[in-house]
Amino acid sequence: MSGDSRQGPNILVSGTPGTGKSTLVAELLKSCSSMKSVNVSKLALDKNLIEEFDSERAVPIINEDAVLDELEPLIAQGNMIVEYHASEFFPKRFFDRVVVLTTDNTILFDRLKQRGYSEGKIRENVECEIFQILIEEAKESYDEEKVSVWPSETKEDLKRNVDRLREFILEWRENNS
Ligand SMILES: Nc1ncnc2c1ncn2[C@@H]1O[C@H](COP(=O)(O)OP(=O)(O)O)[C@@H](O)[C@H]1O
């Protein structure tokens with residue numbers, strides 16, 4: 001996607017559950033009112049784009065093709081922040097920037113415990129973070145220069161991540177106007 005007809009970039013915010021995707025997106029929207037966001041898990045649930053429920057892992061399996069059909073027109077408009085833990089199933093052309101948030105294991109453990117996740121679900125997610133599964137996934141799925149891996153542990157991290165994304169958005173608009 002060249003960006004010719006878009007007013008702004010499309011950004012994917014990825015990362016293990018609990019790393020702070022929703023928090024970052026909410027903060028960014030406060031200071032970047034022209035951006036819109038879509039949470040893929042929520043979209044799939046709201047529009048019933050669920051293929052099955054994985055009872056062992058207690059997670060819904062989304063219908064990826066149906067989700068992509070929903071996302072396509074939103075992506076075509078630009079100015080879209082997409083939030084999802086994984087990054088691989090989107091077409092490469094969807095995003096101008098892919099951010100993967102990371103969090104220290106002990107902090108992540110506490111956040112997921114606070115969220116009321118079961119022991120198994122906490123373990124699965126903390127292992128996902130330890131083995132850097134989603135960082136690898138993003139690096140394998142997108143051109144290296146588009147992928148940023150940012151710590152998301154403190155209020156300072158949050159502020160810095162918001163500032164960096166805002167800068168990227170402004171720069172993209174300048175370069176593509
Ligand atoms: N940079 C940060 N510093 C401190 N706490 C954070 C930060 N980012 C997120 N949190 C906290 O971590 C928890 C999980 O954040 P959330 O945004 O829901 O993660 P995700 O959307 O990736 O599942 C929330 O309680 C949130 O307040």
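Each residue's number is its place along the chain shown, starting with 1.
Even glycines carry a Cβ here, placed using N, Cα and C.
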With the ranges 15-38, 39-62, 87-110 to choose from, which does TrEMBL describe as region 'NMPbind'? 39-62
Out of R6, R115, which is the one TrEMBL records at the ATP site of G18, G20, K21, S22, T23? R115
Scan 114-124, 147-157 against TrEMBL and say which stretch is down as region 'LID'. 114-124
Please state how far apart, in Å and to a whole number, the two most distant Cα atoms are among G18, G20, K21, S22, T23, R115, the recorded ATP-binding residues. 14
If the ATP site is taken as the center of the Cβ atoms of G18, G20, K21, S22, T23, R115, which further residues of that chain fall within 8 Å of it by their Cβ? P17, T19, L24, R111
For ligand 1, the binding-site residues of K21, S22, T23, R115 whose CB is under 6 Å from one of its atoms are K21, S22, T23
Neighbouring CB atoms within 10 angstroms of the CB of S22 (ATP binding site), all protein chains considered, total 15
